[in-house]
Every structure is written in structure tokens, then in C-alpha cells.
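Here is the structure we will look at.
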């Protein structure tokens, strides 16, 4: 029932609209009309005050061109023709078309008592050429006409003619010829007569209204054209095409504004423009509907319309006007079918109840009604009135309202979607954070298994070690991607706060390059860090700076196939300019463009969100901007791309200002609070830890360039009565450690001015084990791989700033106690090892004494004497001191060699050359184990024995000692510093080498060749081993 009522109402509205169009062409005023060729105005009250249309029954003389009544009386009788109208039914059998022919229209106007002096005649549309004569005098014309086609030239141009009236009646003759338009001819629109001022006023009003309508359509066409540029899939281009063609169509009818621009425009061109615009209007409207209602429009129907329209347009362009206009009825039939189909489609959509479909229905209904009215005018059955333009404007307003309705509907929908998107984005961020946290566990497990395999198995090959390090490096890269995902979620939610302080750039760059070095698949890519150490510090967040550099260097590795990646830095206008230079195969200008895209350096308005594999570099760009830095990409020389990074330097730090006061960061999303600068600045309590006297006297070396951190550490350590030494550079710390042999703990900052804290740890571990000198590494970075990095560098423990002060005190105490207890144990072990005598050596010596007692008692006496010296030196427990006089060590060596000489006789020869004073110190059990090792493992393994040579001499500021034998030598595959090379007394060669490095900074120098012998060099600096005069022995 609802559908029937709906269609009934719509049918009534359609009939009402059609009736209004038809009624607009009917007579609705009280103006008189002509009867039998005479128009009587003698009794009309509006004469002189209104404009009258000269319509009604005119005399018509077919095939005659009369200009006066005298000529008309001599010819055949006239016929009655209704004007305005199409004369096609009055020219039967004249030509092959009913509308082709020529003739004369005549009308007598009787004024009676009204005798106006001047009258104006407005001629809107006479098809196709004519002459206007009054009482035999020509007052207007359009085109050229004749009784044939020789001098005929069709032209339609509206005009106003004026004439002086001197009698009570006038005879109007209109000579008309039409050989162009095959469907209609004659006086299509009525001639208007009236006072000149009224005629001109009416004509100007109509022209202005028509011009406004044309401008209105042009604006709409351009407007929808701009919409098409923004949204190319909504069919706005067809609507733009429709309005522009409608504007052009209206410019060639009515006032014909196009003729004002091109006065000499040929009639054929006018007809062609009119036809093509009519076709384009219909096709444009249908295609717009086809895009908007694609699911309801039949594709075959659309293709058929496009084919027919294209064929019709081609015929119009090729054929003469007289032939092409014959196709008008066919096109009107096609147009009627298309309009019907359009209405059926919108009616089908109307049943859905959508408000937008109602607007579309009213729009297309007005469009169909306007097309009907235009068809009536085209065939000469009506005039072009204001009602036509009102319908066109109504249609335009309906279409515009449809667009506005869609716009506001889309706006409301977009607003709702925005709220939903915010909710979804929040959920996505929380989901990303949750997933990222869950991914950490399996990643840590993978990394842990690889690290355990790497450090637990000593039989790994170099390739296996590299593969395991690659796995751990990839694992940390994946972990860093997880951290990037979490940072991205934070960045979208509320931003990232920075913890800035002066940072030494070369140390950070070196550390990042070392951690990314294992990502290189082969030796085809070389990483080079050429940044000088003397550059001033920059203002940055250490953790975020490492994140920036890691992202850039890893991106450079991905884009470089073969070549080098070099880092350079220089100071330019109080800013640090860092360059990452990519050189090698595969580096082109496209590489620079790829980096620009990856870094999202393009226009902000066109930049998409980074939902791709370049998330890390999007964060790099965001973090650089947050540091008030700049990032750029440029192509250098051939096969070279340079990534530029500009960061501010710590100007205030260089000038002596306090750490943390950086005006450039005021007002930014940066946290400069003391809690984020280093340790928490909390009030210190006076409560002491449980310490021994040894820990209270412990010596602690602090290596840091953070003033705030140093001040807090010094105050903290003073609470526990530690002795503290502070240095700000890594190299200075290493130099002091050579002189401060009693240092019990080193606290190192992760980033220093001249080198990284990890490098300081590695250098310390070359001379001290983790038990001999513990290291506590302090870092402001939060990456989870820093724990492994710190451990691999040799740090005993590490803390992430800000640090809770009580935790720091406990960790320092633990490490100091560890060092002191382990040191005491090592000294006791050393003394015990020195005191003990191997049983086999004792038994062999006693057997030698027993054998000599019978045969050579004199030698037995000497042997007993030397054995007593050996035992006396072996049981002296002051050897637990780090240094003993060299003379005492030399006596022990001589006693040992004398005993071995007695035992092996000619198999062993030795020579001891001391070419300097004996007033210097030497670590205990240094030479004797080396001599015993040479005798037992070198000389005695030769069938004919061998020779041992000991030389002592001074060279510059050093004492040099060599132990050389011509024994079997060491195998090439045995590392010279391996623990697998045991010496006498159980003291390994590596133990002696480590003690030498710990005391003097360098160890043993070993040279050995299999089958030729071994030579070991000991270097003792006199500044450390020289004996003072106060020594009494």
C-alpha cells in the first residue's frame, strides 16, 4: 500500500509539472490576438503602456516574397498561419522536408485613435533567414534570403527595430526562408511591439536574467570540477561537464550571448554547438547517475547510450545542417528513453526511504521537465520563457542541496568516525604496547640461549661465533623494533619527554657502530668512525641519541650493497654537524629519494602515517625534531649519499654553566628536572652501612663528566668514608690506574668526553680481572641490551639513572667487599703456592743427595747448601707482598738451577748475565717459574739436553730480563697466554702475565719456534721498581 501511494503521488507531481510547462505556453493574459491577418488595437487599454505580442492568425503567402500590399494583391490568395508556430504543415510538397521553403507573413495593425509616433519591434527567433518590412520599408533583417538557395544564408540573431507611425494602421510583412533546419521554420517566437523604453527594459531584464543563469551554471561547473580533483571517484566530473554544457547551450538561445562574443558566428556553428551541448547534457547527467547508482544502472544500457551519443555527435560534426537536423526526432526519442530510465532508477532508490534518494528524485524530475520544455521550444511549439530558466535554476539548487546534504551527512559521519578512530587508535596503541611487552619474553629467551651458547662453549669455530653474534645482534635489533613500537604508541598519545645533558658524540657513535657491526653480512661493507675526540659535547638525551644513530646506520646498511659507511662530524655555528656518508655499489640518486621517503621528510600535508616498515625512521625524524635538530639527505659525488644530522652543542657547559640549564629547550616537551638528570637529589641520611675497616679505607675512582652526578656521588661516598678520586676523561682514568695500584672500585659513566664508558671498561680489563678491580657502569639508557654490552665490556655491574641512592651505596659496598676478599684470597694462594714444594722435586733432590754421598761427598755438601737456600727462600712469607727485591728472586733461581745442574749434569747448561745494579724490585715468583718451565718443558724434552740463558740489563728507564732456552719450543697452535700452559708451582704463564699487566701496564713478551726454543722478555719500569735508599733489605 505504501508503494502504491508513493507512486501515485509521484505520478501526480510529474503530471502537474508537465502541465505547468504546457500551460506556460498558453494564453493567460488579456492581450488581443490577430484575426484573419488583422490585429485591432483600437479598443485595447494597454496600448502605449505595455508590450504586446504580435500573435494570432497572420496572412501567409507560401513561395512568395512580398514586401507591400500592392504586390500581395497581385498574387494568389493567402492562407491563415498561427504565429508563433512551426510552418511545416503549410509547406507541403514544396521541398523534401516539410520545414524547408520560403514565404511571406502579413499582419495589419489598426491603431484607431491611438497613433504613436515611435514604436519598437523586438524580433527574438525567426528561423532561419528573414526580412522585416513595414508599409514596404525594411526595418530589420537576419541572414540573406531568396526564392532559391543561391543567395540564401541562414542566420538567427535577435534584434530590436524601430519605426515612425504616421497613420492609423500599418502593414507588417515578414519574408522568411529556411533551408537549414529540417524540423521547424517560420516565426518560432512572437514579435513584440511596444514603446521603445519598455521593449528595451524588458529585453535587458531578460538578458540579465539569462546572463546570471549562464554565470550560475559556469560557477557550478567549475565548483564540481574542483570537487573532482579532490575526489575522483564520485562522478563530480560528469556533473561539472553537465553544468558547463548547460551554460554553453543557454548562450546560443534566447538572447544568444555567444553572438555578442562572436558576432560573425556561422549559423551551422550555432546549430552544431546547440546539438553537441544537448547531447553532452544528457550523457553527463546519465553518467553522473551511473556513478552514484552503479549497482542499479545496466551496463549494456550505458554502453548503448555512449555508442548512440558518439555516433550522433559524429554525424552532427560531419553532415550539413540540413541533413543533421533530420536526426532530431530520433535523438528526442533517445532522450525520452534515457529520461524515463533515469526516473525509473531514482524511483527504485526512492523506495529505500533514504533522504538523499528523495533529493535525487526531485533533481532529476526537474531535469526531465526542463528537457520537455526545451523540446517544445526546439520544435517551435512554444517560447523560451522565464519558466525555463526557473526550472534550470531549481534543478541546480536541488543538485547543490543534494551535494550539501551529502557533505553534512559525510561531515557528521566523519565526526563519528573520528571519535571511533580515536577509540580504535587508543585501543591499537594499547594493543601494540601489550603485544610489544609480550614479545620481549621470547626475544630475551632467544638472545639468552645464543649468549649462553656463545660464552659456554670454548670449542666454537670463528664462523660459529660470528653466527651466534649475528643472532644476538638481530635479536637486539628486533628488541629495538619492539621498543620503537612502544615509542610510537607513546608519541601518538602524549609525546616523549627527553632527559638531556651534555653528551660526548664520538663515544656514542663508536658504541652504536660497534653494536651494529655484526649486522654486516660479509666484508663487503666497512664501517668507519672518523669523528675526532676533541669536539665539544652536544645537548641530547643519551638513550634517544643512540636510538637516532642506530636507526640511521642500520638504514644505511640496508641500502648499501658494497662499499663503506663513514661518520664525520664538525662544529659549525654552535651546532654539531654529523654526516653519515654512504659510498659504494648501489648508491644512486634514487637512494637519496628512498631515504627521504623513509625519513618522512616530504611535505607535512602530504606525508602519510608510517604504517609500514619505516616506523623506526619515522621515530628518528620525530626524535631529531624533539632535540631541536635537523636531518637532511643529499647526493654527493658519484655513488655517494650523505645523511646530515645537526644538533645543538652545550654552549653553557663550555662557558662553565651548570649542567641542565639549556635555554633552547625551554617550553619544549623536554624533562629537565633533577630526577631525570642523574641520581635523585634526595636528602642524605646519616645512617652508615655495616662496614669493616678495610672497606672504609677503600679507594674509589669516579670517571664522569656530569657535574651533578659527581657532586651527588662524592657526597654519597663520603657518608661511608671512602677515599674518592674524580676524573672526567676516560684516558685520564686509565693513566691514573697505572699509578693508583690500590684502587678498589671504578665507577664509570657510560658516555664520556673522549671515549665511551665501554671502551674504558675494556681497557681496564686488559690489565685487571673483574675480581682484581670491579667496575660499576652508570648509564642513562634504558635499552635492555645494555646489560649484555656492559657485561661483555667487563663491567661487574651497571645501574640505569636515575638511581635510588640507597641501592647505589649497597652495590658499591658489595663490589668493594668482593674486591678486598678476593684480593686477600689471591695473596694467600700466592704465598701458599710459593711455600709449597712439589713432592717429585723434593724426592728427586733427596735421591740425588743420597747418590752423591757415596761417590762425591763434596758435591753432596754443595747440593745440601743450595737446597737449604732454596728451602729458606721458599718459606719466606713476605713474598705475599706485590714486590720483592730482585736479589732475593735471583738467589732462588740460582739455587734451583744448581740443584737441577747436579741432577742432569751435562744435559743442562745455563748462563746468568746481570749487567746492571740489583737495586730494583720484582713481583715474587716471576723468574723462577719461567726458568723451571724452560728446564722441564723445553730442555729436558730434547734427547741431548740444552742450554738456558738469563740476561738482566737496563735500557732507558726500564729493566729488561730475558729467559731464553734452546729447547723444543711451544707448539704453534698453543696460545702463548693460555691458562693451558702450566708452570712450576702451579702458577700459570697467564697468571704471571696478568700480574705484570696489573702492576706495570704491560705483560710478558713471548717468542717461540717449535724445535728452536723459547724466549720470554720481562720489562720492569724503574719508576715503579726502583729501591729507595731507606731500604735496608
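Every residue, even glycine, has its Cβ placed from backbone N, Cα and C.
Feature annotation from TrEMBL assigns domain 'Histidine kinase' to 434-651 (among others). The average pLDDT the prediction assigns to the domain 'Histidine kinase' (434-651) is 77.
What TrEMBL records for 699-816 is domain 'Response regulatory'. Residue counts for the domain 'Response regulatory' (699-816) under DSSP, helix first, then strand, then coil, are 52 helix, 28 strand, 38 coil.
Annotation source TrEMBL lists domain 'Histidine kinase' at 927-1024 (among others).
TrEMBL lists 206-229 (among others) with the feature transmembrane segment.
Long-range contacts of the transmembrane segment (236-253) within the same chain, counting only residues at least 6 positions beyond its ends with a Cβ under 8 Å from a Cβ of the stretch, are 210, 213-215, 217-218, 220-225, 227-228, 259, 270, 273-274, 276-278, 280-281, 284-285, 287-288, 291, 377, 384, 389, 392, 396, 399. According to TrEMBL, the transmembrane segment annotation covers 236-253 (among others).
Annotation comment: TrEMBL describes 273-291 (among others) as transmembrane segment.
Per TrEMBL, the feature transmembrane segment maps to 303-323 (among others). Beyond the ends of the transmembrane segment (303-323), by six or more residues, the same chain brings 97, 100, 154, 179-182, 267-268, 271-272, 275-276, 279, 282-283, 286, 330-331, 334, 338 to within a C-beta distance below 8 angstroms of the stretch.
As annotated by TrEMBL, transmembrane segment applies to 329-347 (among others).
Here TrEMBL flags 359-380 (among others) as transmembrane segment.
Summarising the annotation, TrEMBL assigns transmembrane segment to 386-404 (among others).
Within the domain 'Histidine kinase' (927-1024), the DSSP-based counts of helix, strand and coil residues read 31 helix, 32 strand, 35 coil.
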